[in-house]
Amino acid sequence: MVPATGQLALLALGILLAVCQALENSTSPLSDSPVAAAVVSHFNKCPDSHTQYCFHGTCRFLVQEEKPACVCHSGYVGVRCEHADLLAVVAASQKKQAITALVVVSIVALAVLIITCVLIHCCQLRKHCEWCRALVCRHEKPSALLKGRTACCHSETVV
């Protein structure tokens, strides 16, 4: 059986990719050795004369420009961190509201689940639970009482 043209093309492509990858991963030494870059900080501490330069941030002194700059705290913007970022404040407030709502909904759902489990357990063991019997007996049809049958509650019998 002779392979189809498409299969031959895929086979050739696979061989070509394998050869290229083998050449790419060669272990021959590099011709030029890497040169370590000098580590120089672009920032220094601000001088004492600029300790109060930033209103809501940390002062840094730019080495190349020889002037102070500010790294603003979250929620503040501006050259000297003098403006409140209203979008950040609103986003933080919305996040707190969402977390509060989630906690409240979780507590309510847990309370409903616990009450449901207690009611199911109580109704399965009706004879041991007075308040469950009172709930069931309140909804019992009066016709059952009038025919001389015993009611679900032991305290209610018709003479």
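Any Cβ shown, glycine's included, is placed from N, Cα and C.
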- Which of these, Cys59, Cys81, shares a disulfide with Cys72 in Swiss-Prot? Cys81
- Task: Please work out, from what Swiss-Prot records, which of Cys20, Cys46 forms the disulfide with Cys59.
- Result: Cys46
- Query: Taking each of Cys46, Cys54, Cys59 in turn, which of these disulfide-bonded residues have a Cα lying within 10 angstroms of the Cα of Cys72 (disulfide bond)?
  - Reply: Cys54, Cys59
- Message: Counting only residues 6+ away in sequence within the same chain, which have a CB under 8 Å from the CB of Cys46 (disulfide bond)?
- Response: Tyr53, Cys59, Arg60, Phe61, Pro68
